[in-house]
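Colleague: Here's the feature list from TrEMBL:
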{"type": "TRANSMEM", "residues": "6-29", "note": "transmembrane segment"}
{"type": "DOMAIN", "residues": "48-150", "note": "domain 'Copper resistance protein D'"}
{"type": "TRANSMEM", "residues": "49-73", "note": "transmembrane segment"}
{"type": "TRANSMEM", "residues": "85-103", "note": "transmembrane segment"}
{"type": "TRANSMEM", "residues": "133-150", "note": "transmembrane segment"}
Amino acid sequence: MSLVAFVYTLHVLSAVVWVGGMFFAWMILRPAVIAALEGPSRLKLWLQVFPRFFVWVWCAVVLLPVTGIGMIHLNFSGFQTAPRYVQVMMGLYVVMVALFLRISTLNLPQLRKAVAAEQWPDGVAALGRIRRLVGINLIVGIVVVAIAAMRPTF
Ligand code: HEM
């Protein structure tokens, strides 16, 4: 396997894990949890889910720019000559990381605190904020993957 192929594979797998994980959480796990569990148990389950998923998101957060910038140099010999869609990808990466940091450093500790204090309404509010931000990040992630796959010449 060539270096370019290895770096490209790592890049795509990172995107699959992050965007696919958000798709599963939002589209499948969320309605399943609502159907199967009542109030406090729902919050406790999400508190077990998020930290496990976020370890993998952190891997993607690190690997995407490292491999992406690697490919810019290997494929396009620099930022100036990289196509516009790669620059859009970098911009949307910053948006995705900002939303992820907000969830993991602000909303998740709020949820953890509320569950520890058995303040269920606060926990529901924190979970609602996480759900909204993950929903936005899922849409942004799908847009990035679609743009990357279509390689538009704008
Ligand atoms: C700093 C951040 C990023 C940089 C520098 C970057 C850079 C690149 C580059 C140079 C390519 C190869 C393009 C080509 O050969 O035509 C690529 C492909 C790709 N990127 Fe990114 N990327 C970044 C972030 C992301 C993010 C956040 C996602 C998705 C969540 C993503 C998903 C993809 C996918 C799926 C491809 C493969 C497209 C294809 O070959 O069909 N990238 N990226």
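Placed from the backbone N, Cα and C atoms, the Cβ positions cover glycine too.
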Colleague: Taking a Cβ cut-off under 8 Å, which residues six or more beyond the ends of the transmembrane segment (133-150) line up next to it in the same chain?
Modeller: 15, 18-19, 22-23, 25-26, 85, 88-89, 92-93, 95-96, 99-100, 102-103, 107
Colleague: Just to confirm my parser: what is the rounded mean pLDDT across the domain 'Copper resistance protein D' (48-150)?
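Modeller: That stretch averages a pLDDT of 97.
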Colleague: Determine how many residues of the domain 'Copper resistance protein D' (48-150) DSSP places in helix, in strand and in coil.
Modeller: 93 helix, 0 strand, 10 coil
